Structure formats: structure tokens, C-alpha cells
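Okay, structure first, notes after.
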Ligand SMILES: Cc1cc2nc3c(=O)[nH]c(=O)nc-3n(C[C@H](O)[C@H](O)[C@H](O)COP(=O)(O)OP(=O)(O)OC[C@H]3O[C@@H](n4cnc5c(N)ncnc54)[C@H](O)[C@@H]3O)c2cc1C
């Protein structure tokens, strides 16, 4: 099944999915149905839908095959999306990734330029043909030559647009919805799994937690490289991070926090065959679908049958409003990297409109107002997250060892 999928992934035209061979057919079949036809064993039919849950936080019955292979192509291959080493889960930020936004906000001007707790209610281009007027729900207004809307497509419909958003974009907004993710962390006095030579990783289709990662604040050194056994077995804040996803997240969100933490501790004790799993000292969880302005995780996903013809409308500007957000990326859509590259593309569009002669060649995938052709992203450029990190943390991009990454 993986070989068949990777073959489709290689054929995907990531900037224009409708050009992919059999795009309509693939868009009108769910991953679930496709797997039932492609797999030859019951085990794969039962297990593969959980891969979709892991990556997208949605039921495989709700995701079209075209979107799934597009998403995989965005991350290069399906294997890379699933992998830790050289894959989507390879690196973590010491201290957490929220620091990127916090440091950037401080640099740009927290409070003066970056306004928090100010949800936008109205985006008006009717009143003044030269400017966009953005009105927050508290009535505060901002007037600018251009605006960039960098929230997920399913949120477009919550904004009052003047004039009305074009039908194609509004339709897209109605056809997208977020996956379901509850992120949990179980803290322990010691990293007992490391002491037993385990890496803390499970993938359990039976649930409730679908997968875990070791979330200790210091990396676990592979046995082959261990010169410092003590550091490996006694990290600060030993923790197992686990995800409740898709339908499990929906179901478990209706239960109490105590129900969830008890069930998770029992699951870990059973899977790791270790009673220490029951002796946690702290349990932390966050239901991303309870966040009004985030809506879920990890990404906004189109309904079956609506990706082939709608995706092209996502990146088109609407008057002086430009659109960004990870869903609109053509590399690592659904990830922080995609969020940054799509933001750069939207900023490029604005800069070229403000100063048309300064740079005629766009650096990133774009669908400017007068451009009918989408230009593929350049691949040989620094990782987008690394570039932003370098700027926010005053680091040199080429010195990756200077960055405060740790391996998973
Ligand atoms: C549980 C979970 C785990 C994840 N793990 C990873 C990972 O390991 N690696 C990785 O790269 N990515 C991961 N992601 C995905 C990553 O968080 C997203 O790809 C990234 O945050 C998308 O950035 P964005 O700027 O496009 O959108 P967001 O980060 O969603 O930003 C959109 C912003 O718009 C704001 N907004 C919405 N409506 C309005 C309004 N009306 N007015 C004003 N503001 C508004 C929201 O408050 C929000 O701040 C994870 C996501 C989740 C939920």
C-alpha cells in the first residue's frame, strides 16, 4: 500500500492538484475506500485508517485520496510525514515552539504593532478604493494599503467582507474543517521508560492515545552513543506526550479530564508493561478544538470531492487582501514551515504591488491577481522555520548547531 501511495505522491502536481492524473476520481474517493480496494489484507485495511488519523486528525472516511496524496507530496513523501528521523517529527524546540511567536512579537513590537486579543470582525474595501479598513470586534479600526488574512480557510466565513468575498472563496470556506486533536503530557519523577531501554514511543490503534513521543527536556542518546548514561536516564521534567486524535478526540472530549488521565495512565502501563506508568506526578492536556480562533488541529481539511476544483482559489488575492496560512503552502502545508513560506509568499505579493518595479520575479509559489500560472516553489532554500528562528533568535542560518533544537 505504501508503494502504491508513494507512486501517486510522485505524480502529484502540488501547486495545481487538479492536473494530477485521475484527480477527479481521486478527489471523490475517501482514503478509507481507496485502502479497502488497494490493500490485500484485513490488517492493512484496519490499520491504515489510523495512519490518516495520526497525520491529519481526521477520520479516513472524511479525507479524499487526492488531498491525502497532496498533503504527503507537500512533505516530500508519506514516509517522511510518518518518520521521526529525517521526518516531520525529527526536531523539537527547547522550551517549546511558542517561543518563536513570542520572540517575533517582541522584536516587531508587542502591544504597539502586534495586537493580541483583537479578533477581526470586518474587512472593508468598499469605502476607500485605495485602502483596506479592518475593524476588530471591539470597534478598533486599522487602515492599510494592503492586508494579509492569515487564518485557516474555514474562518473566512466568520468575517464580514465588504464587498462580499467571491463565491469561489466563500465556497472553499464552507468546505473546509479542522481535524481533532487533544494533546496530553504525563509527567513522571523519572524517565522510567529510558531506564528500561525504551524510547517512549507507542503507536496504538486501540487507543485512547494513538501515539506518544518522549517529551523529556533533554534528548535520549541512542544506546550506541551513550557515554553519559546518567544524563540519559535522569532528564529534567520527564514526560510522555500523547495525542488523542480524530473520532477518539471527539468522543473523549465529552468525558471528564479525570476519565482521560486514568485511561491514559492505564494504557501506558499496559503497553510499556510497566506499573511506574501509573505513578505520574502531573497531567496536562489541551483540546485544540475548544480554541475558538484555532478551531482544531493540525490543519484545515477540504471535504471529499471539493479539493480538485477549490484549492486553486485559496491563494488568489481579493482586491487588496492577500491570503496566507499553512493550508496555502506548497511545501509542508499543515506544518509551521508551510505557515512561514505562505506568509513570505503573501508578503512578496504585497511588496510587488507596493513597488512593482522592485522585484518582478516572485520568490515563492504565488497566484497574484494577474498571474494565471502558479510558479512552483524553489526547493533549494533554507528551511522556512530555520530562517525565522535565525531572525527571531539572532542566529546565523548556516550554523544549525547554534539553534536550540533537540532531536525527538
Ligand atoms: C496539536 C498540534 C500539534 C502540532 N504539531 C506540529 C509539529 O510538530 N510541527 C509543525 O510544524 N506543526 C505542528 N502543528 C501545526 C502548526 O501548529 C500549524 O501548521 C501552524 O500553527 C499554522 O500556522 P498559521 O499561521 O497558518 O495558522 P495559526 O497558527 O492557526 O494562526 C492563525 C491565527 O489567526 C488567528 N485568528 C483566527 N481568526 C481571527 C480573527 N477573526 N481575527 C484575528 N485573528 C484571528 C488565530 O488566533 C491564530 O493565532 C501542530 C498543530 C496542533 C494543533
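Yeah, the Cβs are placed from backbone N, Cα and C, and that goes for glycine too.
Keep in mind that what you see is a predicted model, and the values were worked out from it rather than measured.
If you check TrEMBL, you get these features:
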{"type": "DOMAIN", "residues": "4-351", "note": "domain 'Amine oxidase'"}
{"type": "BINDING", "residues": "120, 327", "note": "FAD binding site"}
{"type": "BINDING", "residues": "243", "note": "substrate binding site"}
Among 120, 243, 327, the binding-site residues whose C-beta sits under 6 Å from ligand 1:
120
Over all shown protein chains, what is the count of other CB atoms within 10 A of the CB belonging to residue 120 (FAD binding site)?
18
Restricting to the domain 'Amine oxidase' (4-351), what is the model's mean pLDDT?
93
I want to check the contact list for residue 327 (FAD binding site): same chain, sequence separation of six or more, C-beta distance under 8 angstroms. What comes out?
152, 153, 176, 299, 300, 314, 333, 334, 338, 342
Which secondary structure state does DSSP assign to residue 327 (FAD binding site), in the simple three-class scheme?
helix
Can you tell me the CA-to-CA distance separating residue 120 (FAD binding site) and residue 243 (substrate binding site), as a whole number of Å?
31
